[in-house]
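Novice: Have a look at this one before I ask anything.
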Amino acid sequence: MESALTARDRVGVQDFVLLENYTSEAAFIENLRKRFKENLIYTYIGSVLVSVNPYKELEIYSKQHMERYRGVSFYEVSPHIYAIADNSYRSLRTERKDQCILISGESGAGKTEASKKILQYYAVTCPVSDQVETVKDRLLQSNPVLEAFGNAKTLRNDNSSRFGKYMDVQFDYKGAPVGGHILNYLLEKSRVVHQNHGERNFHIFYQLLEGGEEDLLRRLGLDKNAQNYQYLIKGQCARVSSINDKNDWKVVRRALSIINFNDDDIEELLSIVASVLHLGNVQFATDEHGHAQVTTENQIKYLARLLSVDSTVLRESLIHKKIIAKGEELNSPLNLEQAAYARDALAKAIYGRTFSWLVSKINKSLAYKGTDMHKLGSASVIGLLDIYGFEVFQHNSFEQFCINFCNEKLQQLFIELTLKSEQDEYESEGIAWEPVQYFNNKIICDLVEEKFKGIISILDEECLRPGEATDMTFLEKLEDTVKNHPHFVTHKLGDQKTRKVLGRDEFRLLHYAGEVNYSVAGFLDKNNDLLFRNLKEVMCDSGNPIAHQCFNRSELTDKKRPETAATQFKNSLSKLMEILMSKQPSYVRCIKPNDAKQPARFDEVLIRHQVKYLGLIENVRVRRAGFAYRRKYEIFLQRYKSLCPDTWPNWDGRAMDGVAVLVKSLGYKPEEYKMGRTKIFIRFPKTLFATEDALEVRKHSIATFLQARWRGYHQRQKFLHMKHSAVEIQSWWRGTIGRRKAAKRKWAVDVVRRFIKGFIYRNQPRCTENEYFLDYIRYSFLMTLYRNQPKSVLDKSWPVPPPSLREASELLREMCMNNMVWKYCRRINPEWKQQLEQKVVASEIFKDKKDNYPQSVPRLFINTRLGNDEINTKILQQLESQTLTYAVPVVKYDRKGYKPRRRQLLLTQNAAYLVEEAKMKQRIDYANLTGISVSSLSDNLFVLHVKCEDNKQKGDAILQSDHVIETLTKVAITAEKINNININQGSIKFTVGPGKEGIIDFTAGSELLIAKAKNGHLSVVAPRLNSR
């Protein structure tokens, strides 16, 4: 830990005890802020761990981190929850004394996560066997089950524990976890029937609806919509973006299986959960006598089936109250309000008792199953207390009263045990104990729990007394009994300023953590936790095994009045205190950095409030009352011995004597330190800081000295090693080179001899003398052929073969060509085949004849240039009996004036059509198509020559197409006029009408120009693209 002091200005100190101004709340919070900013969420107060919830995942919980803290002294590594867990475990193993880890803090501070991390640490680092592995799994998997049934979303926390939990983890003599046991405290049953705005009911309800299989929900009579259930819509917050109920359901189902729930147990448990939802949907109406009547029979049927009770008896029990007077049983009808109260009371009782049964069932699964129980010994337990923190809301009720009383008791225990551990350490080290002044909250605990005069006793008395007892009569009795107590105030007892903020139905307690106003509304009902007798009778007769176990028939015959909720809680709290007092405690204080649950946000006001009510400044004061720093002599000497010439580099005597020499050399004043039996105690942090800063300076000079010596030694060793290696390598390499040369020379002579002989006999039949040469020639030719074989059908190259392989070469050449042709043909599909056929036709007609033909070669011919949506529907109707094979937009020039007009050229099986929008302008039967003329230049003009035997027949068609090569190829193929396409140079004659002709003149120019010439001809100027 001391090594981190050099960065204390940036990241703060790792132990609040080392703060110079340790009584300053501002200095405390500033140190928290520095560390939180650097994602250092853990800080010590002596042996107490302060944890700030980061609201994000940090990379500090891996197996590597666990190993780093495993078996390491508490102060040798940075603060961490694993350090607390490991310290407790090592104390358990070495001192054989039971341990407990007390985790406290307000809702959302990270208590549940802290307890999970501790369990995960033990699961990974403790010894393993098959049985131990099963126990580890069950310990870990008990968490999601308890969270599902006992946690809920509140305004401050999406996974708030609504019950207190104390878990004992049992270890055997080898240090392996072999069992566990859970105690639960004060489940918030009122949440089952009511939630504040923005809050939810317990997670299990939403998980069941969201993740339950269709078949399961059908058996339970449920549907997936949470809005259909009265107990789930009070908070208007059924869905939460940060909670995935469907995935959580899968985790819970798997966890139930691991902790030994069979399918029947799960089905019975979920039947009870479903019954609570159905119970919330039971509605009442008043009859003419003002008595309540059930109006939702379907819900009663579902309830009766799920709980295996008689539906008639259940219905009557919800609207009647059984009264036993003078040995006679009377059924008194309930009004609307009383029936609703009875329904909600039953729902709370069912859920609360089921939760207790669930904890009991988990305990059976966690119980140690071994036969060698005696081997566990007395020091075999580590307890984890994860309990609600101090709560202060705008509206505080009975639950907050109990929770805050619990925190008062824990604070009292915390101060007592902390002071005791400090005093014990001082006494064991032979240092005088200096009394510490601190606030003793015993006065507040007595105010709540004192017999006859305490608030709980008064509350019980008011619940039990005959007559009309109300919440206000309870408050009046409080005012009469404890009116003079300095930590108790009501509206009636307060001054004028207090009356402005304190309601008439409220009382205020001045807790150690601050003032809290409690509303007495509901105190008597919640304390009585009353369930009508006839409803108990119904549940005792339930055929559901879990419900039957939860409602024992002995309750009906027991004349003794059951303990009230507050008394039960007080008694269970007293037992918890006894458990904790019997163990060696460790503490984790959890702090919530902001209410918005956002990472990297530090709300100073909220944190100051938590620092105050957790008593952290008080804790620092107690720890600093004597000495801020203490370490064993061996550790202190080992760290700082370099600061004194007499102790550096080694001290041969006792560590205590070495430390005495060291502190004298450092100039410590007598009032700054004390020497104990095994430890040195330093009173002021500044003394330790000065020592640490001196060590940091000394490290540089030591490092320089060591570097110089090490570099010299290292380089010398390196040189000697290299020299030796060089000699060895040279010797070995020279021998190797010599042997290789001799072998290579021998091989070369043999090769040359065989090659010469082969060359001499090369033209003779194969024999011993020429076989090597012929094999080489054959191999050489084949390898040359392999590297230079043709890549395509068009490649006619072929290596020249030697005389002996000419025949084989020709055979190979023919096989290679056939193979390439076969491969090429195999890859051609029908569409590509058609494309090639059209390209072949185009080549036959235009290659080396028309200038713009080369530009068309790499472009694929399109099936049609016009879609059906671009051709007028009337035209398509006229062509209905004919198949349209090709369509292209063209420009048609008049035969007389040469005026250009936009047309569509449509080709069918029998004729070509010139179309203007919806009008058919000219039909040219292929039988009347005598020829097609086109120039040799790069223009796109062509003429379709048509027979013209009378005046009714139109003459030739002069057309222009942007895709002239494609268009003419399509026309030639469709009309079967491949040999009738004339490519002209200079001019083209065309027929205007019977006996009349026109001329189109073509000349080469720089750019395309089509216009009527002065001589009446159509003049076309087109650039030349190649010389052909």
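Glycine is treated like the rest: Cβ placed from N, Cα and C.
From Swiss-Prot, here are the annotated features:
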type    : residues                       : note
BINDING : Asn53, Tyr61, 104-113, 157-161 : ATP binding site
DOMAIN  : 12-696                         : domain 'Myosin motor'
DOMAIN  : 699-728                        : domain 'IQ 1'
DOMAIN  : 722-751                        : domain 'IQ 2'
MOD_RES : Met1                           : N-acetylmethionine
MOD_RES : Lys348                         : N6-methyllysine
REGION  : 573-595                        : region 'Actin-binding'
Novice: I'd like the Cβ neighbour count for Lys111 (ATP binding site), meaning other Cβ atoms within 10 Å of its Cβ, all protein chains included.
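Specialist: A count of 28.
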Novice: State the non-local partners of the domain 'IQ 1' (699-728) in its own chain: residues 6+ outside its ends, Cβ under 8 Å from one of its Cβ atoms.
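Specialist: Long-range Cβ neighbours of the domain 'IQ 1' (699-728): 642.
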Novice: Can you tell me which parts of the same chain pack against the region 'Actin-binding' (573-595), counting only residues 6+ beyond its ends and a CB-CB cutoff under 8 A?
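Specialist: Answer is 32, 36, 45, 47-55, 81, 84, 87-88, 91, 95, 97-111, 114, 156, 166, 183, 185, 381, 383, 385, 389, 405-406, 409, 413-414, 417, 601-603, 606-607, 610-611, 614, 616.
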Novice: If you run the three-state DSSP split on Ser160 (ATP binding site), which class comes out?
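Specialist: Strand, per DSSP.
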Novice: What Cα-Cα separation, expressed in whole Å, is found between Gly105 (ATP binding site) and Lys348 (N6-methyllysine)?
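Specialist: Their Cα atoms are separated by 27 Å.
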Novice: Non-local Cβ contacts of Ser160 (ATP binding site) (under 8 Å, 6 or more apart, same chain)?
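Specialist: Listed in sequence order: Ser107, Gly108, Asn151, Ala152, Lys153, Thr154.
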Novice: Just how many other Cβ atoms lie inside 10 Å of the Cβ on Gly108 (ATP binding site)?
Specialist: 23
Novice: Within 10 Å of each Cβ, count the other Cβ atoms and name the one among the binding-site residues Gly105, Asn157 with the highest count.
Specialist: Gly105
Novice: So how many of the residues in the domain 'IQ 1' (699-728) end up helix, strand or coil by DSSP?
Specialist: 30 helix, 0 strand, 0 coil
Novice: So how many of the residues in the region 'Actin-binding' (573-595) end up helix, strand or coil by DSSP?
Specialist: 9 helix, 8 strand, 6 coil
Novice: In whole Å, how far is Asn157 (ATP binding site) from Lys348 (N6-methyllysine) when you measure between their Cα atoms?
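Specialist: Cα of Lys348 (N6-methyllysine) to Cα of Asn157 (ATP binding site) measures 22 Å after rounding.
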Novice: Sort out the sequence-distant neighbours of Asn53 (ATP binding site) for me: same chain, 6+ apart, CB within less than 8 Å of its CB, listed by position.
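Specialist: For Asn53 (ATP binding site), the qualifying residues are Ile41, Gly108, Ala109, Gly110, Glu113, Cys590, Ile591, Lys592, Pro593.
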